[in-house]
Amino acid sequence: MVIFTTVSKAYLITKFILRFFVVSLITIPLFYLVHRFFNYGLPGTTGTALLLALVYATLRYYFTKEGIQYILTNRRVIIQIGYFKVTLYSVNYNKITHIEVDQNILERVFYKHGRLIINTSGMDNKPITLNYLSSPIEFKNIMERLIAQERHKYGHTGI
């Protein structure tokens, strides 16, 4: 069994809107200067600035959506980050000691996303964080069921 998810849609849309407005605030004055110094038409330069902002925000939306993937299998959690340069993290369920959900009030009520923090045992016990996860409590429950199945199968106790 494989369960696949990515960052939440609300996070992606919020970032898209924010990136569009920030890039618009930068490109519109620059293109206005082009209009003033080179006598290009103002509607054309403003439209070009908005089009560039839209293209940039759309590309960032796509690469963020496709570049962050969280995968649950029968035996491990896999986190893949990056689109052109991919970084892959994985942890076996028998190495997981504790799972936490971190979600503030805005994330819980409006955005419906949060963070899942996975604490592991072993030499490198840095927690693994799954950011902007849609329905993190439900994801945690699924993950705990998979961990329980894995531990029952091999006779381990825990979580």
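Cβ from N, Cα, C; glycine included.
TrEMBL does not curate its annotations; it predicts them automatically.
Under the heading transmembrane segment, TrEMBL lists 12-34, 40-59. If you look up TrEMBL, you'll see 68-129 marked as domain 'YdbS-like PH'.
Across the domain 'YdbS-like PH' (68-129), the prediction's mean pLDDT works out to 90. Summarised by DSSP class, the composition of the domain 'YdbS-like PH' (68-129) is 10 helix, 34 strand, 18 coil.
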